Structures are given as C-alpha cells and as structure tokens.
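Feature annotations, courtesy of Swiss-Prot:
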{"type": "BINDING", "residues": "D20, S73, D463, H464", "note": "Mn(2+) 2 binding site"}
{"type": "ACT_SITE", "residues": "S73", "note": "active site, phosphoserine intermediate"}
{"type": "BINDING", "residues": "H134, R164, D165, R200, R207, R279, G280, D281, R282, K354", "note": "substrate binding site"}
{"type": "BINDING", "residues": "D422, H426, H493", "note": "Mn(2+) 1 binding site"}
Amino acid sequence: MKLSKKYTFRSRKVLLIILDGVGYSPKGPESGNAIAGAKLPFLNRVWNQFPTLHIQAHGKAVGMPSDDDMGNSEVGHNVLGSGRIFDQGAKLVSNSIASGDIFNGQAWKEVIGNSKKNNSTLHLLGLFSDGNVHSHIDHTKALISQAILEKVPKIRLHILLDGRDVPEKSALDYLNPFETWLDSLRKSGTDIRIASGGGRMTITMDRYEADWSMVERGWKVHVKGEGRYFSSAKEAIETFRSENPKIIDQYLPSFVISDNGKPVGKIQDGDSVVFTNFRGDRAIEISLAFTEKNFDKFDRGPLPNVLYAGIMQYDGDLKLPERFLVAPPAIDRTLGEYMASSNIPQYALSETQKYGHVTYFWNGNKSGYFDQNSEEYREILSDVIPFDQSPEMKALLITEALEKALNENKQDFYRVNYANGDMVGHTGNYLATVQAMEFLDGCVERLWKTCEKQNIVLLVTADHGNADEMFQLDKKGNVEKDSHGNPIPKTSHTLNPVPISILDPENKIRFNSKLSNPGLANVAATILDVMGYETPEGYHPSLIQNES
C-alpha cells in the first residue's frame, strides 16, 4: 500500500473496537434503551467529549434490499472490512427469484430432477420468518410454488422458529396463515406438509462450532424423525408454551410431526434437500452434516444419500455446499487483503460467537489467513449458556488478551468485537443487557489507557443496533405492553445508526462532520487514513477531516 502524502500527524497504529449491537437512539431507558439505562461513565464521556459521528448501519447502506431492513453482524462486518457496499444475500435471492434466474440455474434443475427421477421428497429446511437476516419466508414460498409447477411428487418442510430477528413470540403469526396456504395447496392435490421443527437457538443453527449438540438435535428430528411427536406444528408450539409460559420462540424444543405414530417427513435416500437460509454463519454446520464424508462431530447414523443444496453457497473457500441456487456476493479487495499483501501486521480477536465476524466476514467471506506471517487471529471460547445468565460473557478475557497484545506492540492494526450488546440483547432481557453494557464500559476504558500509553489511535464503533431498543415500539414510537402492562421485549436488531468515535492520544485527529450520509463503508478508509496510507480505488471516503 502507498503512504499518503496528505498528512503528517498519523500514529500509523490503530485499534478498532466493534461493540456489537450497540446502536444510537435518542430515546431513554423508558423506551427500552439499555444503553441509556446503563451507567457508562467512560463511554458517555467518549460519545460526548471525543469526536463522534452517527453512521448508517442498516438497509441500503449495508447492501440490504431496502431501508426497512435491519443491519446485521454479517453484512456489517462485510462492509466494515471491504470499504464498499455489496448487494447481500437477502437482495441477491429476492432479485434472482423475481427474474426467474434461480429456477433456470443448473442447481435448481438438479434438485427438481432428482426428486422427479426418484419419485422422492423435496425437503426445504430453514429459518421460518420474514426477518430477512438469515432467511425470508417469501423465498421459501417461491421455492414451493415453483416446485409445484414442476410437479415435484412430495414436499416436506422443516421449520426453524425465529423469535430473534422478529418478535419473540410471533411463531404462530407466521405459521397460521402459512398452514392455511398449505391446506389450499393440498386441496389442489399437492402432497405438502410441515415435518419437523424447533427454536433456532435449540436446534440446527449453531455457528462457529460453539455447540454441535444443537445441530445433532436438529439432525435427529429433520433426518431421523426422532423426537417428541405432534399432529401439527401449531400443536407443538402451543403445548410448549403451556408447559413453559415464559419460553420464547428461539428456545422452543424440537418436534416431529407424525401420522398414525410415524413421522411424516424423514429425510431418506434419493430425496432432495434445500437449506433456505441465505446467510452463511448458521448454515455451515448443518451443511457439513449433510455433505461431509469424514464427519466426526456427532453420530449421524446411516447417512441418507440425498442431493443437498443451499439457497446460497455459505463458504466459497470450502466450496460449501458445492451445489447452490444463487451465487453469493463476490467481495474482493478487502482491507485485510490489502494489508496482508503489504505485510502490514494485523491482529483480530473475539470470542466464539463473533470470532468469524472479525475474520471470515471481515475478510469478504473468506476462510483462513491471507498471510499467516503478518496476521494473528485469536478466539476465546464462548460459554454454552443463555447469555443473559452471564452478561459479561468473555469480555474480561478479551480485554486482558488485547491489553497484552497492545503492550507487545507487534501489530499496526488491531480489531476486536465485543459480542455482549448483541448476544445479550437477543435474549430480550433488558436488565441483563444493562449489566452487559456496564461491564463493557470498564473494558473499553482499560483499552483506551493502554492505547494512550502506546500512542495507538482508538476507533470505537458498532456493526448495527440492538441494545438501544429492547422494547417493542409501535409506529408512533410508544412502548407496546402485554396484557399485564409490562413492556413487550424486543429481541431483534434495530434500524438506528451506530456511533463512531475517535480517541487520539495526541488529540489531533478530527472527523469531517460535513460528509454526506456516512455509513459503515467509510470506516475502512478511515482506518487507512489514520495509519497514513492511501485509500484504495472504489472505497468509500474516509471520515477524517483533511488537514488545513
């Protein structure tokens, strides 16, 4: 990379702290803003006394179809790490369905051809909501409609209940009209049924190998038809809620739909299986279970010989899966790649829940290192418990590891993700999220003191909002309440901007407050700017104010 000729005051070393899920809202704690409700002496000083901007982290600013779409950690880190905006999975799949390209592709033809040739079942497995973070129910409906047009003999659905990217007890709001639609299809002669399911944080959708038992539980109900039997998904959900009135959708147990004591939709030899999630992190492990010959994460039993496809390819380096319906975004020339090619030392750190975000997603959906000699990646293992039970998560160990790395001063660019605001926020537990934020406050302060000592510039930002809006709000911005008058928890991300602050030990660097509509895509150039390097062609401009 070329050194910039514009500046003379750059420290050339930067620490980027990503406070996952910590957006900005002017609303107070009475509206569910856990950030406003927390005692944050250091972070409030940062946001009020150091140069700070609010930048866009949702919608079109991160490659989503519209500005009504929430940002998320995957697209956020893609944009942070690439300095540009790429159309993301949600938009790519929707566009491919609208154009018909998805159904003219070789993979779809193979999926349909396999079921017709073998007179076998087409299984659609994926997250069942319109959250548009991992999946969209409209995509599933489009696949069903096309499969019926092409006269697939039998269709079975394996639904993962959301309650995380959508309201926490909304499963029946999606299920009831969907079942009505399925009933109309059955009356027209289609053999189609829901076969299995469960909450997304109970089965199937593990990521970063945090808890393979989730995938095993999913395998048992989807593939083997082993589990608690119900006559319908509605009966399963209502039963689980009656047994545990406090349970929310993402934690609902697994279930199997049965007829006359037999599962209606086991996955068997000759079947076709499509995983309908477009986002990769929580799709990789179940895809490995279906496709990996030398698989040792759990006992699959006899592996059914199926034709497996993803609605997208989830890992381009691993070519996982080999068969996919829509090509993923082609993200090139990332910041990490540029730095590695120029031998600029980098350090990336997080706990398991966000480790892939500061590595794989930051690097443009690429696994591994660009140059292991100049890059150091560190993962701290996450606990396998509900995160509101331990809202500090692994923030202390992360802070200690990063302090050590900063004091060793071997790298020029450091990046870290603190998962607390997002992962605790997703539980819907307001008080636990307040505790998480208060714990993070001390961690960030410790790192700033180390940066001051080492003359390292500190950038503090987020990838999207979550902790900033923990209660459901109506269209007028008022808190929605349940029948007991209690605020209804919100577990999804928000549409709010995120703060970005710059802490310069020499107190020289300022933001350009006149930049039009800045977003996450401006952060990569900002990092290079502070380090004294020219911005690559095509990157969104730096947020730094030019020297006069």
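Quick reminder: no glycine exception, Cβ is built from N, Cα and C everywhere.
Recorded features from Swiss-Prot, shown on the structure.
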| residue | record | DSSP class |
| --- | --- | --- |
| S73 | Mn(2+) 2 binding site | helix |
| H134 | substrate binding site | coil |
| D165 | substrate binding site | coil |
| R207 | substrate binding site | coil |
| R282 | substrate binding site | coil |
| D422 | Mn(2+) 1 binding site | helix |
| D463 | Mn(2+) 2 binding site | coil |
| H493 | Mn(2+) 1 binding site | coil |
Measuring Cα to Cα, how far is D165 (substrate binding site) from H493 (Mn(2+) 1 binding site) in Å? 7
Restricting to the binding-site residues R207, R282, D422, H426, H493, which ones have a CA within 10 Å of the CA of H464 (Mn(2+) 2 binding site)? D422, H493
Within 10 Å of the Cβ of D20 (Mn(2+) 2 binding site), how many other Cβ atoms are there? 26
Which of the three DSSP states, helix, strand or coil, fits D20 (Mn(2+) 2 binding site)? coil
Which of the binding-site residues listed here (H134, R207, G280, R282, D422, H426) have a Cα atom within 10 Å of the Cα of D20 (Mn(2+) 2 binding site)? D422
Would you count the other CB atoms within 10 A of the CB of H134 (substrate binding site), including those on all shown protein chains? 26
Excluding D20, S73, D463, H464, which residues of the same chain place their Cβ within 8 Å of the centroid of the Cβ atoms of the recorded Mn(2+) 2 site? I18, G21, A57, G71, N72, G76, H77, K354, H357, N417, D422, A462, N466, H493
Around H493 (Mn(2+) 1 binding site), how many other C-beta atoms are within 10 angstroms of its C-beta? 29
For substrate, whose listed binding residues are H134, R164, D165, R200, R207, R279, G280, D281, R282, K354, the greatest C-alpha pairwise distance in Å: 17
In sequence order, what residues of the same chain, 6+ apart, have a Cβ less than 8 Å from the Cβ of R282 (substrate binding site)? H134, R200, M205, D206, R207
Ten-angstrom check, please: count other Cβ atoms within 10 Å of the Cβ of H426 (Mn(2+) 1 binding site), all chains counted. 26
Out of S73, G280, D463, point to the one nearest H426 (Mn(2+) 1 binding site) in space (Cα versus Cα); all of them are binding-site residues in the record. S73
May I have the list of same-chain residues other than D422, H426, H493 whose Cβ is within 8 Å of the Cβ centroid of the recorded Mn(2+) 1 site, in sequence order? D20, G21, N72, S73, R164, G421, M423, G425, H464, N466, A467, T491, S492
